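TrEMBL annotations:
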type	residues	note
ACT_SITE	B:Cys75	active site, proton donor/acceptor
ACT_SITE	B:Cys186	active site, proton donor/acceptor
BINDING	B:Asp12, B:Ser13, B:Tyr44, B:Gly45, B:Asn76, B:Thr77, B:Thr187, B:His188	substrate binding site
Number of protein chains: 2
Amino acid sequence: MRSDARPIGFLDSGVGGLTVIKEFVRQLPNESYLFIGDQARMPYGPRPAEQVQQFAWQLTQFLLQFDVKMVVFACNTATAEALPLIRKLVDIPIVGVIPPGVRAAIRATRNGHIGVIGTVGTIRSHAYDGAIQAQAPEIEVSTLAAPKFVPVVESNQYHSPVAKKIVAETLQQLPDKDIDTLVLGCTHYPLLRPLIQNYMGKHVTLIDSGAETVSEISALLDYFDIRNLEHGPQSAPKLFTTGSPKMFGEIAEDWLRMTDLPVTKVNVTDLPAANGKEMVS
Amino acid sequence: MRSDARPIGFLDSGVGGLTVIKEFVRQLPNESYLFIGDQARMPYGPRPAEQVQQFAWQLTQFLLQFDVKMVVFACNTATAEALPLIRKLVDIPIVGVIPPGVRAAIRATRNGHIGVIGTVGTIRSHAYDGAIQAQAPEIEVSTLAAPKFVPVVESNQYHSPVAKKIVAETLQQLPDKDIDTLVLGCTHYPLLRPLIQNYMGKHVTLIDSGAETVSEISALLDYFDIRNLEHGPQSAPKLFTTGSPKMFGEIAEDWLRMTDLPVTKVNVTDLPAANGKEMVS
C-alpha cells in the first residue's frame, strides 16, 4: 500500500452534489476534496445532451488543473448524459452516481416495484430504468421527472411550506402506487428527503445514490491503490461556484454543518474551453 | 452499456471460496462463473509467501484459459500474499477479499474494537490490521490465527461437535474481550458462522468479507462496463478441484443448496507452470 494525498474532484450543476460530499466526509475522513457547482448554468436537467456534455467537460478540465486523483460526477444528469463520453478522454477514474443507485435499489426492493424521480434529462436518458431492467428484468420500474425540485433547493427554500407543496404535487403523479423503493435520482433531492419520506410513508425505502456512490469511491481507492493513508485530509477543502458564493456558502454550511467554508467564485468565461473537437466520441 | 457474457473466475485454496460464490449467485444472477479450489495443496495459511504467490499464479493462469473477464481471489491468504504481485501481470481486473472486509469492519464497529481471525499467513501479513489502522488509526484491532478452522471445514466436519469445540477453544484466545465486530478473515470461516456467532454472542457483528467482495465485483462490472445484460448466466458454472471431486461436490451442494453440480478434477501437474521468472516484481 502506498499513500496518495491528492484530492478528489466533485462536480455538479449546483449545490446538489454537496449531499455526496456530506457522506464522503463521513465515510472517508482522510481524503481531501474540491467541489465545483455550476450554479450560473443550472439546472442541467432541461438542457440538450450535447450541452450537458460540453459543460461537464469544462468542469472536469477545471478540476484536473488541481491534480485530482479521481473525478466524481455528483450529478445524475451529467452522469447520464456525459460520463461515458468523458471517461474516454481522461486517464484517471471517473465515478458517476447512477450505477451505485441502481445497485442499491435492486438490493432494497422487496416487492419488485421501484420508482425513480429525477430531472427531465435524467428521466429522458432512461439511465436508471434501463440499467435496472437490464440487470433485473423482473422488476417493474416507473419514472417521474420532478423539474421543480432543483429550483426550490437552489433557492434555499427546501425547508419551506412551498417545498412541501411542490413535493406533494409532484409525487402524487407517481404512476405506480405499489412501489416500496424510491430512487432519489438527483443529488439535490436528499435535501428534500424529510418531506419526500413524509409524503411516501415509512414503508418506502428512499435510495440516496450519493451515499451509495461513496462506497464505490472507497472501493476504487483500494482497487487503484490511491487511498490517502495519512491521518486526516492533506489539503483543505476548496469549494467553487459559477454563481453566488454567498448563497452557495449558506446552503453548504447548513447542509454540511460546517462553518467558515471558503467558497470561491469562478466565472463561466474563465472555465477551460470545450470547443467540441475532443468531444467527438 | 454493452453486454459482456464472459464468465468470472474464482480461486481458493479449497472450498472456502464457495462462501463467496453463494453470495455471488444471489447478488449477480446474470453472471457466469468458474471456480477452482486447490484442495491438493491446502491449507495455504501456513505456507511461505513465495509459495502462495506461485500457486495463486498457477490458478490465475488456469482461469485465464477460459477467457474470464475478471479474477476473484476468494481466499484471504492469496489476497494478502499474492494479489498485489499478480495484479501487475494481467490486464483484466483482479479482485481480492480483504479491502471489502476492511471497509465493512470500519463501517460496522460502534465501540472501535475490531477483532480479526484468519489463517497464519493472513495474520502474519498484517493485511487486515495494517489496512484498518491506516484508514482509521483510532480503532483498536486485535488479531488471532485460527489454524484449526480450515481443516475442520475441508474435512466436511463443520456441523460436528468437534467443530464446536475447536471454535470455542480458539476464540477464547481472542486478546481483546471488548470487540463488537469480528472479521471472518478467511473464506472458509462463514461455514462455521453459526458456531462462531453462538460463541461470540449476538452483540458482536460478524463481517463476512466474501459477501462484501461481491458488492465490489458488482461495482467493478459497472466501472469497466463488463456486466452481462442478458437474462441469466450465458454459460453453466464450472467447478474444478485439485483434490477429491466427491468431497468437494458434497460440500458445494450442501453450502450452495444446489444439486448435480459438475466438479472436475484437475491434477496439480496439469496446472500451467509458474517458473518464477515472470513473478519477479
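Cβ coordinates come from backbone N, Cα and C, glycine included.
Owing to the predicted nature of the structure, the values given are computational and were not obtained by experimental measurement.
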Task: Length of the line joining the Cα atoms of B:Tyr44 (substrate binding site) and B:Cys186 (active site, proton donor/acceptor), in Å - done: 11
Open item on the list: I'm trying to understand the geometry here, so how far is the Cα atom of B:Ser13 (substrate binding site) from the Cα atom of B:Cys75 (active site, proton donor/acceptor), in Å to the nearest whole number?
Closed with: 7
Open item on the list: Take the mean position of the Cβ atoms of B:Asp12, B:Ser13, B:Tyr44, B:Gly45, B:Asn76, B:Thr77, B:Thr187, B:His188, the recorded substrate site. Which other residues of that chain put their Cβ within 8 Å of it?
Closed with: B:Gly14, B:Gly16, B:Gly17, B:Met42, B:Pro43, B:Cys75, B:Ala78, B:Thr119, B:Thr122, B:Val150, B:Cys186
Task: Assigned element (helix, strand, coil) containing B:Cys75 (active site, proton donor/acceptor), judged by DSSP - done: coil
- [ ] Tally every other Cβ atom lying within 10 Å of the Cβ atom of B:Thr187 (substrate binding site).
- [x] 32
Open item on the list: Rounded to a whole angstrom, what is the C-alpha distance between B:Cys75 (active site, proton donor/acceptor) and B:Asp12 (substrate binding site)?
Closed with: 5
Open item on the list: Check the DSSP secondary structure of B:Ser13 (substrate binding site), expressed as helix, strand or coil.
Closed with: coil
TODO: Please give the greatest C-alpha separation between any two of the substrate-binding residues B:Asp12, B:Ser13, B:Tyr44, B:Gly45, B:Asn76, B:Thr77, B:Thr187, B:His188, in angstrom, as a whole number.
DONE: 12
